[in-house]
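For reference, the structure discussed in these notes is given below.
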Amino acid sequence: MTEFALDTQTALFIIVGFALVWIAFGVWLGRKNKSHEDFALAGRNVGFAFAAATAMATWVTSNTTLVAPQLTYQLGVWGMVGYSFAALGLLLFAPMAKRIKQLLPQGYTSGDFVRLRYGRFAWAVFLVISVVYAFGWLVSLGMAGGILLEALSGLDYYIGMTIILAMCVGYTLFGGLRAVIATDFIQALIIIVGVAVVAYWLIDNVGLTSIHTELSEAHPQLLDLLFPAAVMFLFNNIFFGLGEIFHSNVWWSRALSFRKDVAYKAYLTGGLLWLPIPVVTGFIALAAPQLGIFPASADMIGPAVAASVLGKTGAILVFIVVFSALASSLDSLLAASSDLVTQDIYHKLIKKHASDQQLMRFNRYCLLGIGVMTWLLCLPRIATLGALLNFAGAFVASTIWPIVIGLYWRRLQGTFAGIAMAAGTIAGLIAYFWIGFYVAALVSCAVSGLICAIGIVFNKRQFSWHELQENGQ
Amino acid sequence: MIISETAFYLLVTGALILTVLAPVVLIGLFLKDYFSKSIW
């Protein structure tokens, strides 16, 4: 027996097997993609079951399965409760999704909305934020794949990371959003069942009383409800989650792809289904001290506990669960980012009269290019997953107010929206480096909100919703 | 202020029960969409 929970050959067999099955599934689903709208938005006709599952599964990322346990291990009970508050993003996005479908029935991306609502300056700032966030998240997911495989099986980081990326690019390239959503449904089921099995085993074999007693005696700060950094983290995480969902094309493209009467209830259901999962994954980490598990890297605490208590079966289970969680987010982000580049940059700036087939072809090349760039950025392991994730919080939280106000009120104009996003991001980054990761999103959102408020007070012009309809829409 | 054992128990078991219900909800929705031919 090696020092790893899973032998390298088994891990390689699972990952290659999964890759082949998913890519074949993507090819099969891709048969229905006749137009760019089919490829990018699954024909704008996704039903309730797939819509709710994809909302939930996409939000269950490596962050939920790796970072939620890590933060619980570091911040205690508030780590897992705070993480679960990120469900607010999905819940609050539900009415927004309905509004998006009303305002932009033929829209493609979140960039479309920002460009038409606020003009080119705010659009440029928004695209910079979107690109930084998308690559931050993509790299965090790619790295998580490599780290996970290496930690569980000893498989070389570069090989594991490469296979996961290649698989997600492969099936998204062939199947488009249809493949992303269909695989999300299956991945959602795998994730939930796997997480529940590990948590149940811990409760049944180690016991909640025993874990509580051990933590009370040896690590009381992990059960402390007044842990200042953890309380701050809770609020920061709420704003981070709101910023991620409100601005990202991952969620906008889904809203636009869902059937008209489905968007609202799908996000609401997805959010409610997601809410308890970080508490369950976080709890797994709280059992670590009781079991005498102290991994070298905090972001491997969840898999380390599961692999330890369930042996080889547990290692395989965790491996498949985290692999599914990674894939369900990676594919979504690849598809949404390539849509954004295709629609906002290629179609609106470079080739305004591109045909439908040209758009579909460019979208596929773009997806491949983003996959290659992500792979290159994953080669140096630049940061821990938590650090990378929270760094992006400074960027995305600045978009919350401009997006919400832009969707519902007519008073805020482009210049102030652009300045709000830029200044919010800069302030968030300063807070990140001077104070700590747990305040970056908070500060970014507060500064952006203040500038938006000033913009509303000084603005006299009312935006006309008809301006959101482009020629031909 | 340390979270009590009862609150800790309720938090974790409540979350686990809700998590277990999720696949039931998703499969139920899928079957409903499948039989009404409204998956896509």
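Numbers run from 1 along the shown chain.
From the backbone N, Cα and C atoms, a Cβ is placed for every residue, glycine too.
Positions annotated as transmembrane segment by TrEMBL: A:12-29 (among others).
The transmembrane segment feature in TrEMBL is assigned to A:41-61 (among others). The list of residues near the transmembrane segment (A:41-61) in space but at least 6 beyond its ends in sequence, with Cβ under 8 angstroms from a Cβ of it, reads 32, 86-87, 89-90, 108, 137, 141, 176-178, 180-182, 184-185, 187-189, 191, 245, 250-251, 253-254, 256-259, 262-263, 265-267, 269-271, 273-274, 277, 325-326, 328-329, 332.
For A:73-94 (among others), the entry in TrEMBL reads transmembrane segment. Tertiary neighbourhood of the transmembrane segment (A:73-94): same-chain residues 55-56, 59, 64, 67, 219, 221-225, 227, 229-231, 233-234, 237-238, 240-242, 244-246, 251, 255, 263-268, 270-272, 274-279, 281-283, 285-286, 288, 298, 301, selected by CB-CB distance under 8 Å and a gap of 6+ residues from either end.
For the transmembrane segment (A:121-149), the residues of the chain that approach it from at least six positions outside its boundaries are 11, 15, 61-63, 66, 110-111, 114-115, 155, 157-161, 163-165, 244, 247-249, 297, 299-300, 303, 319, 322-323, 326, 329-330, 333-334, 336-337, 340, 344-345, 370, 373-375, 377-378, 381-382, 385, 388-389, 391-392, 395-396, 398-399, 402, 414-415, 417-418, 421-422, 425, judged by C-beta separation under 8 angstroms. Residues or ranges marked as transmembrane segment by TrEMBL: A:121-149 (among others).
What TrEMBL records for A:155-174 (among others) is transmembrane segment.
Per TrEMBL, the feature transmembrane segment maps to A:186-203 (among others). Sequence-distant contacts of the transmembrane segment (A:186-203) (same chain, six or more residues past either end, CB-CB distance under 8 Å): 53-54, 56-57, 60, 65, 211, 273, 277, 280-281, 283-284, 287, 305-306, 309-310, 314, 317-318, 320-321, 324-325, 327-328.
Taken from TrEMBL, the feature transmembrane segment covers A:225-246 (among others).
For A:267-294 (among others), the entry in TrEMBL reads transmembrane segment. Outside the transmembrane segment (A:267-294) by six or more residues, the chain places 48, 51-56, 59-60, 64-65, 68-73, 76-77, 79-81, 83-84, 86-91, 93-94, 97, 191-192, 195-196, 198-199, 202, 206, 210-211, 214-215, 218-219, 222, 255, 301-302, 304-306, 308-309 with a CB less than 8 A from a CB of the stretch.
If you look up TrEMBL, you'll see A:314-341 (among others) marked as transmembrane segment.
The transmembrane segment annotation in TrEMBL covers A:362-382 (among others).
For A:388-409 (among others), the entry in TrEMBL reads transmembrane segment.
The transmembrane segment annotation in TrEMBL covers A:416-435 (among others).
Highest Cβ pair count under 8 Å relative to the transmembrane segment (A:362-382), across stretches A:155-174, A:314-341, A:388-409: A:155-174. Residues 59, 71, 75-79, 81-83, 85-90, 92-93, 96, 133, 390, 392-393, 395-400, 403-404, 436-442, 444-445 of the same chain lie 6+ residues outside the transmembrane segment (A:225-246) yet bring a C-beta within less than 8 angstroms of a C-beta in it.
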